[in-house]
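K.L.:
The structure follows.
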Amino acid sequence: MPKRTDIQSILIIGAGPIVIGQACEFDYSGAQACKALREEGFRVILVNSNPATIMTDPVMADATYIEPITWQAVEKIIEAERPDAVLPTMGGQTALNCALDLDKHGVLEKFGVEMIGANADAINMAEDRDLFDQAMKRIGLECPKAKVAHSMDEAWQIQSELGFPVIIRPSYTMGGSGGGVAYNKEEFEEICTRGFELSNNHELLIDESLLGWKEYEMEVVRDKNDNCIIVCAIENFDPMGVHTGDSITVAPAQTLTDKEYQNMRDASLAVLREIGVETGGSNVQFGVDPDTGRVVVIEMNPRVSRSSALASKATGFPIAKIAAKLAVGYTLDELSNDITGGRTPASFEPSIDYVVTKIPRFTFEKFPQANDRLTTQMKSVGEVMAIGRTFQESLQKALRGLETGNDGLDPKVTRFNDDGMAHIKGELQVAGAERIFYVADAMRAGLSVEELFRLTNIDRWFLVQLEDLVRTEAELAKRSLSELTPRELFALKRKGFSDARLAGLLGVAEKDFRRTRQAAGIRPVYKRVDTCAAEFATDTAYMYSSYEEECEAEVSDRPKIMVLGGGPNRIGQGIEFDYCCVHAALAMRDDGYETIMVNCNPETVSTDYDTSDRLYFEPVTLEDVLEIADKEKPAGVIVQFGGQTPLKLARELEAAGVPIIGTTPDAIDRAEDRERFQHMVDKLGLKQPANATARSXEEAFAKAEAIGYPXVVRPSYVLGGXAMEIVYDASELENYMTHAVKVSNDSPVLLDHFLNCAIEVDIDAVSDGHQVVIGGIMQHIEQAGVHSGDSACALPPYSLPAEVQDEMRDQVKRMAVELGVKGLMNVQLAWQDGEIYVIEVNPRASRTVPFVSKCVGTSLAQVAARCMAGISLAEQGFVEEIVPHFYSVKEAVFPFAKFPGVDPILSPEMKSTGEVMGSGDTFAEAFYKAQLGAGEAIPALEGERKAFLSVRDPDKQGVIDVARSLLGLGFTLCATRGTASALQQAGLPVDVVNKVYEGRPHXVDLLKNDXVAYIVNTTEGRQAINDSSVIRRTALARKVPYATTLAGANAVCLALEYGNAITVRRLQELHAGVSQ
């Protein structure tokens, strides 16, 4: 039966900011759903608080709301837009929870809105652990032995029945938030307490331990006529006990017998039928006991998920697009498969003739205090996917695509003495981010497959595959390049070995190895992802490399532009860069170029098969990019949009004759190299903070004294402020030097005088090489010293004098012309005591480009891509800066809740995973909405409220204004001695509270007794930061709002004065008033 005609308009709820457990895969699914439904003639209304998404581009929906995803804000949107239906299955857990809230508060009933894609009963049955357990019993399937607890007493009762270890999982959370494995009473108490706080219905499921069992996922799609297909069966390389988002996963499943697969297939279909998912995609997770073969259903997600994005990219079957069409009444047999050009219907189960491996990307280096062991709570921030003809090939491609400095199964332990072996065994028994490397090391040390299976519970089949790779490496290390025959070289490349790894094993330079390989005629061929194992022809150029005979690339002779993507998400390089790559591809396609995308991140829109004309799902490494460039012969390659990943390759690509368009690699180097940059700043007569470069510890101490403390120290060439710190004296610098010089890669350490209490500004600009147009000026809310990616910022600036802004515009334009920028450029400036200082210049895409584009209503990335391809700003009609008539605030979102031991203080090292945007007529309104969108607690506006203040000496004067504002808002004040004395001298009423080391009762006791509603706590110096970290960690755990900068505290006071009225505005209407 074709689509429904009784609904005309549909509200899609997005997933909000990127957080651990919920990343850009929901931008990919949401963007697909928007396209699919508009294709069918429906009016699409979208709400999503994340400006860095493609789905919030104003062209993707008829009405776009970048607003907080709370049921109260969405109610306002429903009231204004009157949709007929709401589709909550495209925005992850955020959208499901919001839809359930709308249902619970009677909003859907009040406005006559139908929930499509999944109904409230099905969502509740899948999400409510008790109901799900009962449902499985009804269809004769087993769940892990488990019971639901609503209180600590019930939890202890259940634990006594199940024993230890037990697995704890809260209801209605994603990414395993608040869950964990408890081996003893102390851990049990801690995990349950945290779990109860995070579950929105105060409910925990306590399971028997399935640690060491095999884990599988089935991606299933079902329509209303009960047609069901399995899109993909995914097997976890890591056994149960590691969250599936943190596991290495492989598709199709490798170690199931056909009978086991059919049983699991039947079971997953039965689960969907029982839960009542009638229209769309779901994923069902199974555990299998390797000893007895017992199968249990672990859980199911009645929505598009992280693994469905992976399954879509792995098979070419667009689950989100199909699910959206099923939600409006189509059946699978009525929909055709795009990849085969409609030659097959969507009811054909995909079959694949290759192996896909996904490996998660972790950023534990950002959180040294965090527990880096992998458990049932997800900790990875991104992932990489690779496709090969064999498991070995796809695994090795994925390992080099991770960009963690590994070219393959690189050794982590070099000496197999007692200490080395103890370290290896520890890493094998309790999984960390690099366990697979330690498995290889254990094999090098002589452990057998059987011993490794006992230590890790990783299936023997995978271990045998790894053993073969390790053995091959050991044999190779005894030989020289000159004695290898072409046949042997070909066999090595078929196993997925990278040129760099083979060169390392053979003791030659990578480029010499590559020359020898190519001279022997050993080159990759490109195969197509076609959903049907080459049974039908495919018109879609979605490709991966392999070492085989026949190439399916079918290269055209059209002029081509190649865009290099950013690889896996990580803190410091996320969805914002993918957004820029997508926009570059769209602009170039519109201008008549054939567009080629190279990337290996399965979550993103850039790796959707219809974003570009040709997609190469390949690691973004020199070897892989050179081979594609040689095959395609593009007219130009864009390396400036994907963050550091492609930029790192720029020089070598250029040297190999690859045509890089836009700002030259030399100009990029001029901006990034300290000494060359200094020359440029001096030449233009601009100012920089006093700075120096040190190549040894002694030199660092001498130069730090000369430029004066406090100083910011960092290694050269970093993104996201890796290993960047503020040091306040020589002992802190010494401490830093012992840790940081390791990451310096023989490159020096940079020292800058730190501009205390300066206002920091970010400016994005576009240049065509002659003319420069400012994209937007953003004023940071936190003072200098907080990484620009972590600071909230406002556009237009809310307190920066107009003449200062004009001078900044002038400086940016002069620098762009001097550097010969062609494309995007981002400049960070600071204003202190009437002087403007240049902090840094990046002649490339920055993470603020999507936010600025949403504010001004013009895609800066598209304008810049056209400049790079030789179309001037005048020809594009983009000749003057657009200053919006409304305020927008970008707020960062942090993963601290996933890492309970980490101090949530902001520093020059970037820690945020995502961002939200709030807009309003005033700065206060925009800031308030950004806080709501970020899920930040905002102090209550009524009742008895106490604010606790404890600030560093330089802030003692400034805190008086904050205290006055808080008193005016009805707060009572308490403060530590020094701060209290400053407030008392200003005549303000305040109670004195002990610092933690001054005796009880102290500040943390107050917090734990729920006696504090708001905290302002600023510190400087390593000792003071350590002393006060318990205050911030306790505030975070107890959801008490806090500010760690005075500027942040002032902004919160303004937001509180604004009140809590919720207004919603359509992005298209906002933009109508800002056109040039």
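The backbone N, Cα and C atoms fix where each Cβ goes, glycine too.
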K.L.:
Please state which member of Gln771, Gln828 Swiss-Prot lists alongside Arg714, His753, Leu755, Glu760, Gly785, Val786, His787, Ser788, Glu840 for binding ATP 2.
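P.N.:
Record source Swiss-Prot; matching candidate: Gln828.
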K.L.:
Within 10 angstroms of the C-beta of Gln828 (ATP 2 binding site), what count of other C-beta atoms is obtained when all protein chains are considered?
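P.N.:
By my count, 19.
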K.L.:
If you measure from the CA of Glu840 (Mg(2+) 3 binding site) out to 10 Å, which binding-site residues from the list Glu208, Gln285, Asn301, Leu755, Gln828 are inside that radius?
P.N.:
Gln828
K.L.:
Between Arg714 (ATP 2 binding site) and Asn842 (Mg(2+) 4 binding site), how far is it from one CA atom to the other, in Å?
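P.N.:
With distance taken Cα to Cα, Asn842 (Mg(2+) 4 binding site) is 17 Å from Arg714 (ATP 2 binding site).
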K.L.:
Work out how many Å separate Val242 (ATP 1 binding site) and Gly785 (ATP 2 binding site) at their Cα atoms, rounded off.
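P.N.:
Counting only the Cα atoms, the answer is 36 Å.
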K.L.:
Would you mind checking how many other C-beta atoms are within 10 angstroms of the C-beta on Glu840 (Mg(2+) 3 binding site)?
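P.N.:
Total other Cβ atoms inside 10 Å, all chains included: 14.
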K.L.:
Work out how many Å separate Glu208 (ATP 1 binding site) and Asn842 (Mg(2+) 4 binding site) at their Cα atoms, rounded off.
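P.N.:
For Glu208 (ATP 1 binding site) versus Asn842 (Mg(2+) 4 binding site), the Cα atoms are 52 Å apart.
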K.L.:
I'd like to know which of the binding-site residues Arg129, Gln285, Glu299, Leu755, Gly785, His787 sit within 10 A of Asn842 (Mg(2+) 4 binding site) at the Cα level.
P.N.:
none
K.L.:
To the nearest whole angstrom, what is the C-alpha distance linking Asn301 (Mn(2+) 2 binding site) and Gln828 (ATP 2 binding site)?
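P.N.:
The Cα atom of Asn301 (Mn(2+) 2 binding site) is 43 Å away from the Cα atom of Gln828 (ATP 2 binding site).
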K.L.:
As a test of reading the model: what is the averaged pLDDT for the region 'Carboxyphosphate synthetic domain' (1-403)?
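P.N.:
93, rounded to a whole number.
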